[in-house]
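S.K.: A single structure is presented below for examination.
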Amino acid sequence: MKSLHTICLLFIFIARGNSRSCDYCHNIGKDCDGYEHECSSPEDVCGKVFLEISSASLSVRTVHKNCFSSSVCKLGHFDINIGHHSYIRGRINCCEKEPCEDQPFPGLPLSQPNGYYCPGALGLFTEDSTEYEAICKGTETKCINIVGHRHENYPGDISYNLKGCVSSCPLLSLSNSTHEENRNYLEKVECKDAFKIASH
């Protein structure tokens, strides 16, 4: 799932600077109101990212507006099976001018377990989180493990750790160590084959 490159957007709202200006805000729900800020190269288009943590009975969505690069915009979406019948999903929509059109979330996958599993975890504000077994479904035959942090002026560094099943390994690069405000930094990216569930 090449589009998983956008996982770097799960807890980022990208950088700033250049001639184009875009809305900057984040909120729980479907929309947010913020302020306009200038974009920095290579972020040359305006964008809106929707994130969703969903299970069979509950879903929580957040919206984030900022500047994005055209190449990231082409990636579109990502879906990670984090276990306990839950997914973390993202959709990115970009445009030359505001407002950007929304891209709806489809229903949760109805795929059946495929005989594989991965460590699953959703850790926010921590790089260490309790693991559990995520049962892979459908075409999910890879395990992903992503650790990073986002530096904010307030409340400071926001760490995160994501683990679960994916359909293919993303192409992600580790970030340089720095503390520029409003930037996301990937510290660990691992992707390997899922584990076969032992037959009894």
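Glycine too: its Cβ is placed from the backbone N, Cα and C atoms.
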S.K.: With CYS25 as one half of a disulfide in Swiss-Prot, pick the other half from CYS22, CYS32.
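M.R.: In Swiss-Prot, CYS25 forms its disulfide bond with CYS32.
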S.K.: Quick one: Swiss-Prot says CYS73 makes a disulfide with which of CYS94, CYS95?
M.R.: CYS94
S.K.: Name the residue from CYS165, CYS169 that Swiss-Prot records as disulfide-bonded to CYS136.
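M.R.: Recorded disulfide partner of CYS136 in Swiss-Prot: CYS165.
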S.K.: For CYS94 (disulfide bond), which of the listed disulfide-bonded residues (CYS39, CYS46, CYS67, CYS100, CYS118, CYS191) have their CA atom within 10 A of its CA?
M.R.: CYS46, CYS67, CYS100
S.K.: Can you tell me how far the Cα of CYS67 (disulfide bond) sits from the Cα of CYS46 (disulfide bond), in Å?
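M.R.: One finds 5 Å between the Cα atoms of these residues.
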S.K.: In whole Å, note down how far the CA of CYS25 (disulfide bond) lies from the CA of CYS136 (disulfide bond).
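M.R.: CYS136 (disulfide bond) to CYS25 (disulfide bond), Cα-Cα distance: 34 Å.
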S.K.: For CYS169 (disulfide bond), list the number of other Cβ atoms lying within 10 Å of its Cβ atom.
M.R.: 17
